[in-house]
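Q: I'd like to ask some things about the structure below.
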Amino acid sequence: MSVCTLSVPVSSLSPGRRCNTFSDSGILGCVPINSNTDEEDVVEEKMVAEGVNKEAKQPAKKKRKKGLRIKGKRRRKKLILAKKFSKDLGSGRPVADAPALLASNDPEQDEESLFESNIEKQIYLPSTRAKTSIVWHFFHVDPQYTWRAICNLCEKSVSRGKPGSHLGTSTLQRHLQARHSPHWTRANKFGVASGEEDFTLDVSLSPSSGSNGSFEYIPTDPLDDNRMGKKHDKSASDALRAERGRFLIKSNIVKHALIPGTRAKTSAVWNFFYTDPQHISRAVCNICKRSVSRGRPGSHLGTSTLQRHLQATHPIHWAVANKDSGAVANGLDEAETERSDLLSDTLHGEKSTGSQDLTAEDLSDSDSDEPMLEVENRSESPIPVAEQGTLMRAQERETTCCGNPVSSHISQAIIQMIVEDMHPYNYFSTPAFQRFMQIVAPDYRLPSETYFFTKAVPQLYDCVREKIFLTLENVQSQKIHLTVDIWTHDPSTDYFIVTVHWVSLETASFLNNGRIPDFRKWAVLCVTGLAKDCLITNILQELNDQIGLWLSPNFLIPSFIVSDNSSNVVHAIKDGGFTHVPCFLHCLNMVIQDFFCEHKSIENMLVAARKTCHHFSHSVKARQILQEFQNDHQLPWKNLKQDETGHWISTFYMLKWLLEHCYSVHHSLGRASGVVLTSLQWTLMTYVCDILKPFEEATQKVSVKTAGLNQVLPLIHHLLLSLQKLREDFQVRGITQALNLVDSLSLKLETDTLLSAMLKSKPCILATLLDPCFKNSLEDFFPQGADLETYKQFLAEEVCNYMESSPEICQIPTSEASCPSVTVGADSFTSSLKEGTSSSGSVDSSAVDNVALGSKSFMFPSAVAVVDEYFKEKYSEFSGGDDPLIYWQRKISIWPALTQVAIQYLSCPMCSWQSECIFTKNSHFHPKQIMSLDFDNIEQLMFLKMNLKNVNYDYSTLVLSWDPEQNEVVQSSEKEILP
């Protein structure tokens, strides 16, 4: 326990009165303390007041002294609180109030009130106990609420327990694992020694690191050398990639010496164990994944229990390790030493391969019978028979719970239900479910709720993150795209979602099986909770963190970022130097919502329609009457469609449902009071549905995987043509009200600010140019005043930039160059490269270097020739769907530079339909459901739900293990907590 000193000036009170005042409070010590002041101003002798008035025994002349004199000079005494403090901070007044007591005007009241308040109110100073946990390098105690700690990275206040109870660090560890997993993993890997300097995360990234400990992405020039590093410096980055790739794995990896400041681990047991990153007083076995205690926290942590675990559970491994440890000294043959190396390599193989365990059967196949007998004799001798039997029975229970394949499959299925169906953790702890499991699998022991929350789901979360990270390592294109969404489903929290999109042209087997290939890939990088009042800097910082975490280690560069028109998000993207593309679906939604608000008749009709649907959805009797009427008249029945606030498509489906059941609804509403839809409103509802029908079709086209920026201009053109046809139809029929509605919506569609910006944006126009389906009818899609030749020059500049940055990709292989069908349409730039080839047909390296270092004016005519050749080629429809990437996959060897530019523009999505499907159609993400789950863990669950089907994760590869005895203790404690 560390000692905290408080300097208190001596007042006019006599020592006797002061000791009488302090005698009822506890033990007061005055000891010499070294300080920066003069030696004469420090107390050199110890005086202890133990609750007995010793001043009564002193001579009267000493009582008349105004202060304490030592060696003839007046001193200032140092009061030291020797009363035993609690190991954690109490719930009393914050420590920050102590200096205020010292600054009081009355010295006598200062000394008495300070000491009494520290003893009676139990104000525990922060330095009363050394913080040995590594989490304290990322947290500091909240000065206002001492039972909470503030994260140094995100400044979030995290609770450590209830006031007055034990304050631990488990919640702080879970916060670091969920919100700052790279920082926490690398801290465990490299360590922070007690008493050393503060730990700083040293991550080698192409982006620069911010001063606040998080990543700051700085976009570079397109022709910068960093963008060419993926091709030129790939060998030099292998070490960085291997090191950064391991940040995702916090389990199933042998981590030696996780806790810094400890002595070197010389015991042989550490070849079979690694320190548990969540509980430093426990160690995890590399063979069976069981967590074994090394002692009580805060006491001496030995290896005796680890040795007993190896002797009882893995006697063969332990005996061979003991035998091999003396191989050199005893002069054993080389075969024995090689077997030792093989065993050691097998045990440590989990660092790179996962979980390949060496069992006793594997050793028995390779070793003779005599060493086996010797091993058994050596393993039985060190421990008593009774203790060995107890450990063996515990191992049998663990094998029954974890080693049984059926039990593993059941546990994996439960985790799958938690993630995919968003079941709460306590659902599997209910008596009904436990009775069901007793009938289905009597021998299965259900893990505790805490196990699923703290071990199973985080382990699955890490595995999926690792798989996504390894997939991004193999992305061929250097430029990828991001979609950013913020969804509000919590009273105090918004969820920040970042999704990455890229293209992989390696899927070439569709010609054999006849299926359309899926070139477009995507993955959710993060689901992070942000405060409602988060600033632009917080959003930009989180975006830079994700880019530095996922993209920069793989030399990937964000080309376009798609988001809605939220002011904070748009400003954050632009302030970061990124290219922002508005979400097409959000633009349509804003146009139609403004159209609804502009017409009062439509608003009144929607209010009546919502009341009608609410009447049938909340009244069982009304719903039964409606269904009976449908059955009596043999009318088809469809489920009721509810309207969602802020989404026009749900409003359209609600109106469409009412029109399909208009006869039944009108008949049923006659019996209900207060719910009426007039005939004029029914007619207006028909007009609105006819007008919105083209927009619903456009939404369906946008929500498919193959939709990209190439369809923005054609879809807007198609919507305007559809509204024009509707206007002509209404004009022929003489419906004035419908004509006014069509004209109003057409005007809004043409004058909308966001849509007008998208029509004139360079990414959308170039993406349309690179779609072979639209290249022959571009004049119909282009806005007024746009020049086609100007945008062809822009496209040629993009091709020229790519030729200059990646000249080696623009070469044609020798085998392909010899084919006449390929060389006919080859790049002019590639043809110039071929002129520098030698007689043997190989490309001259000096010629390639000269071209690569040539001026941009030399490459631009070649790029223009490639673009002209693309537009002159006649495009014919082919069987393969509407995805233009199928066309460009066939042209990658003919126009390599133009193909790469086409992939860059065609791979950008029009909207973020992935998060749309999760948050708008899935009822599991209601605010009540989210608030009932843990905040840090709900982010992991949403991340898994959005990624598991996309990455095709195999649950059978998830290795699960738990301690049955500890599981029973946790389950019993959970039952006591539950009402």
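Every residue, even glycine, has its Cβ placed from backbone N, Cα and C.
Take a look at what Swiss-Prot says about it:
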- 1-89: region 'Required for nucleolar localization' (REGION)
- 130-187: zinc finger (ZN_FING)
- CYS151, CYS154, HIS175, HIS180: Zn(2+) 1 binding site (BINDING)
- 264-321: zinc finger (ZN_FING)
- CYS285, CYS288, HIS309, HIS314: Zn(2+) 2 binding site (BINDING)
- 337-351: compositional bias 'Basic and acidic residues' (COMPBIAS)
- 359-373: compositional bias 'Acidic residues' (COMPBIAS)
Q: Do you know the DSSP helix, strand and coil residue counts for the zinc finger (264-321)?
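A: Across the zinc finger (264-321), DSSP assigns the residues as follows: 21 helix, 10 strand, 27 coil.
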Q: Which are the residues of the chain, CYS151, CYS154, HIS175, HIS180 excluded, whose CB is within 8 A of where the CB atoms of the Zn(2+) 1 site average out, their centroid?
A: PHE138, ASN152, LEU153, LYS156, VAL158, LEU176, ARG179
Q: Taking the Cβ of CYS288 (Zn(2+) 2 binding site) as the centre, how many other Cβ atoms fall within a 10 Å radius?
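A: Counting Cβ neighbours of CYS288 (Zn(2+) 2 binding site) within 10 Å gives 18.
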Q: Can you tell me how far the Cα of HIS180 (Zn(2+) 1 binding site) sits from the Cα of HIS309 (Zn(2+) 2 binding site), in Å?
A: 34
Q: What whole-number Å value do you get for the CA-CA distance of CYS285 (Zn(2+) 2 binding site) and CYS154 (Zn(2+) 1 binding site)?
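A: That comes out at 34 Å between the alpha carbons.
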Q: Quick one: of HIS175, HIS180, HIS314, which of the binding-site residues has the smallest count of other CB atoms within 10 A?
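A: Per-residue Cβ counts within 10 Å for the binding-site residues HIS175, HIS180, HIS314 bottom out at HIS180.
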Q: How many of the residues that make up the zinc finger (130-187) does DSSP mark as helix, as strand and as coil?
A: 21 helix, 10 strand, 27 coil
Q: Take the Cβ of CYS154 (Zn(2+) 1 binding site) and count every other Cβ within 10 Å, whichever protein chain it belongs to.
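A: That number is 21.
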Q: Given CYS151 (Zn(2+) 1 binding site) and HIS314 (Zn(2+) 2 binding site), what distance in Å do their CA atoms have, once rounded to a whole number?
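A: With distance taken Cα to Cα, HIS314 (Zn(2+) 2 binding site) is 41 Å from CYS151 (Zn(2+) 1 binding site).
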Q: For HIS309 (Zn(2+) 2 binding site) and HIS175 (Zn(2+) 1 binding site), what Cα-Cα distance in Å is obtained after rounding to a whole number?
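A: About 32 Å separate the Cα atoms of these two residues.
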Q: Around the Zn(2+) 2 site formed by CYS285, CYS288, HIS309, HIS314, list the extra residues of the same chain whose Cβ is within 8 Å of the site's Cβ centroid.
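A: My list of surrounding residues reads PHE272, ASN286, ILE287, ARG290, VAL292, LEU310, THR313.
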Q: Whole-number Å only: compute the distance from the Cα of CYS154 (Zn(2+) 1 binding site) to the Cα of HIS314 (Zn(2+) 2 binding site).
A: 44
